[in-house]
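Trainee: First the structure, which I've put down as structure tokens, then a few questions once you've had a look.
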Amino acid sequence: MGIVMKGADVANAMKEELLQRVAGLKEKGVSPCLAILRVGARPDDLAYERGAKKRMELLGIDCRTVELPRDIRQEIFEEKLKELNEDGRVHGILLFRPLPGHLNEEAAKRIVDPGKDMDGMCPANVAKVFAGDDTGYAPCTAEAVIELLDHYKIPLSGKRVVVVGRSMVVGRPLSMLLLKRHATVTICHTRTRDLPGVCREAEILVAAAGKARMITQDMVGEQAVVADVGINVDEEGNMWGDVDFETVQEQASHISPVPRGVGSITTSVLAKHVVQAAERQTDNE
Ligand code: NAD
């Protein structure tokens, strides 16, 4: 039976270090601050916002929400984003996406100050992640997987890692973060031939496809490490990962559950980014 990799254990370990860094900033008179920019009130955004606020509060990081009406015009929306860029008290910005269809998300990605872009969405941060330059910010979920594997002391160098999913928020940036750590990475997607065969070869398998329980026992090699990023909610409101946990656990060496796995680490990575941003902005003054 594989060891269950619990997100809360990772978040708790991160908490100790972050509390010290926040205290260090406060000694210098700096109060790290995250601004959440939310357009409308999607239940998913509200749920994430509650979790993020709780985590920031626990760590002594200020968190304010700017809520904009769902039907806001592009110009006004862009103005609000620029105001946050220019506000010296705000160190990091989190913009909830997807934006309502009438808003231009690509434009927003180009407006946000790369130094405040806490979820690694702007082109400058994407480029840094792809170049293996860690002076930028990666998407929080992708980095949360690295935090999970590091916490459980899973070596990455030289390992055969298969990532299922190639989105710009999870699969691709995560693959680049793994590559920076010298893993041998295979990226799979909907057109991959013989997905089960490719997955079986993995020493570390990361599922980020958004398909409930699609990774079945026959797709996992003996003693593989399995990280599940998927969040799939069925009609009854139950949450499932991309991995068929019960059967896969039998042969994995380590496995992360859903819920209480990778998803419980994301807000800690967000907090880490805010602290990093506050430190960097203070050093640059
Ligand atoms: P996405 O839909 O943008 O991308 C999914 C990717 O998986 C695509 O590249 C697609 O090619 C691939 N894929 C889909 N079905 C596949 C299949 N049957 N076989 C092989 N590849 C397949 O999704 P996303 O935004 O990357 O999110 C992926 C999952 O992670 C979702 O369940 C999402 O809810 C979850 N997620 C979790 C967190 C978190 O905090 N834990 C954050 C973001 C996303």
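Just so it is clear, glycine is given a Cβ too, placed from its N, Cα and C backbone atoms.
Where the annotation comes from TrEMBL, it is an automatic prediction and has not been curated.
Note that the structure is predicted; figures quoted are calculated from it, not measured.
Features from TrEMBL:
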DOMAIN    5-119  domain 'Tetrahydrofolate dehydrogenase/cyclohydrolase catalytic'
DOMAIN    139-281  domain 'Tetrahydrofolate dehydrogenase/cyclohydrolase NAD(P)-binding'
BINDING   Gly165, Arg166, Ser167, Ile231  NADP(+) binding site
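Just tell me what is around each of these and how deep it sits.
Mentor: With helix defined as DSSP H, G or I and strand as E or B, the domain 'Tetrahydrofolate dehydrogenase/cyclohydrolase NAD(P)-binding' (139-281) counts 55 helix, 26 strand, 62 coil.
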Trainee: Which value in Å gives the longest Cα to Cα span across the NADP(+) site residues Gly165, Arg166, Ser167, Ile231 as recorded?
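Mentor: Farthest Cα pair among residues binding NADP(+): 16 Å.
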Trainee: Which residues does Arg166 (NADP(+) binding site) neighbour through Cβ under 8 Å, counting only same-chain ones at least six apart?
Mentor: Arg172, Ser175, Ile187, Cys188, His189
Trainee: Looking only at the domain 'Tetrahydrofolate dehydrogenase/cyclohydrolase catalytic' (5-119), report the model's average pLDDT.
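Mentor: Result for the domain 'Tetrahydrofolate dehydrogenase/cyclohydrolase catalytic' (5-119): average pLDDT 98.
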